Amino acid sequence: MAAETASGYIQHHLQNLTYGQLPDGSWGFAHSAAEAKAMGFWAFHLDTLGWSVALGLIFLLIFRMAAKKATSGQPGGLQNFVEVMVDFVNGSVKDSFHGRSPVIAPLALTIFVWVFLMNAVDLVPVDWIPQLAILISGDPHIPFRAVSTTDPNATLAMAFCVFALIIFYSIKVKGLGGFIGELTLHPFGSKNIFVQILLIPVNFLLEFVTLIAKPISLALRLFGNMYAGELVFILIAVMFGSGLLWLSGLGVVLQWAWAVFHILIITLQAFIFMMLTIVYLSMAHEDNH
C-alpha cells in the first residue's frame, strides 16, 4: 500500500458521517475533513447519534425481555446474565455511594452497559460497517464511524450529563448557599472575616477548576483510550493491504491479539466511567466538604 493510500485510508476511517451546511449554502454530507470543519459548530455526526441511540435501544430491549421473562423458578440464561449484571452494579454502588438515592443504581447500570456496548462495536472489523454504509448509500467516498465513544462529542455529552447531576444533587442536598460556600470557603479558611473574604477568589478558582475537571477528565479518559484502540485496529488493517504476505500474516496475529486485549480495555473503560460517576455523585451527596 502506498503511503498516500495508507494515509487516505486512515483519515477516511477516522472521519465521522457529518451532516451540515456546506460552503455553497446547501445542506448535505461532508466528504472530507475540510468540508466537515467548514460546517462549523452546527454539524451533526449522524453515525455517532445513530449508533448510540440504537445501542441504547438494544440495552433497553434486552433488559425488558429479561424482566418480562423473569421467574422465581429455574432462571434462563438471559435472566442469569441480567441478574449477575444487576448484582455487580448494585454491589459497586453500595461500596462507593454513601448517600440515599433510588436513581443511582439504575443510572450506574445504564452507564456501564451502554458504554460497554458502544465500546464493543470496536471489535467489529474496521472495514465491515463502513463498507456496509457505502453499499447502502451508493456513495464510495462517504465516511462512517461506528464506535460512538471514539467521538469526543459523545463522551463529552455523557460526561456533562453527569456534571449536571453533580450540580443538581449538590444544590439539593446542601442547598444553594451550601453549594456556593463549598466553592468559596474551601480549601483555605480563616476566623478573620476580612481574610476569609480575601480568600474567596482563590478558593473559588481552585474549587471551580476541580469541579469542571471532573466531566472533562471523565470524557477525555474514555475518548482517548477508545480512540487509541481504534487507531491500532486501523493500523493493523493497513498491514493487510500492504501486498506483502508476511506482513499480512503478521496482521492476522496482531488483529486477534489486540482484539483479545481490547476486550479488557472496553470493559475496564465502561467500569471506570461508571465508578467515577458513582464517586462524583456520592461526593455531591455529602453534607460536609
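Heads up, residue numbers simply count up from 1 along the chain you see.
Yeah, the Cβs are placed from backbone N, Cα and C, and that goes for glycine too.
Just so it is clear, the model here is predicted, and its values are computed rather than measured.
Annotation comment: Swiss-Prot describes 43-63 (among others) as transmembrane segment, evidence class sequence analysis.
Beyond the transmembrane segment (103-123), the same-chain residues lying 6 or more positions past its ends with a Cβ under 8 Å from any Cβ of the stretch are 51-52, 55-56, 58-59, 63, 85-86, 89-90, 92-93, 97, 129, 146-150, 154, 158, 165, 222, 226, 229-230, 233, 259, 262-263, 265-267, 269-271, 273-274, 277-278, 281. Annotated transmembrane segment per Swiss-Prot: 103-123 (among others), in sequence order, evidence recorded as sequence analysis.
The transmembrane segment feature in Swiss-Prot is assigned to 160-180 (among others). Tertiary neighbourhood of the transmembrane segment (160-180): same-chain residues 99, 101, 107, 211-212, 214-215, 218-219, 277, 280-281, 283-287, selected by CB-CB distance under 8 Å and a gap of 6+ residues from either end.
Distant neighbours of the transmembrane segment (193-213): 163, 166, 182-187; these residues of the same chain sit at least 6 beyond its ends, with a Cβ under 8 Å from one of its Cβ atoms. Look at Swiss-Prot and you will find 193-213 (among others) tagged as transmembrane segment, backed by sequence analysis.
Residues annotated as transmembrane segment in Swiss-Prot, with sequence analysis given as evidence: 232-252 (among others).
Here Swiss-Prot flags 259-279 (among others) as transmembrane segment.
Under 8 Å from some Cβ of the transmembrane segment (43-63) lie the Cβ atoms of residues 16-21, 30, 36, 78, 82, 110, 113-114, 117-118, 121, 133, 144-148, 151, 153-154, all in the same chain and six or more residues away from its ends.
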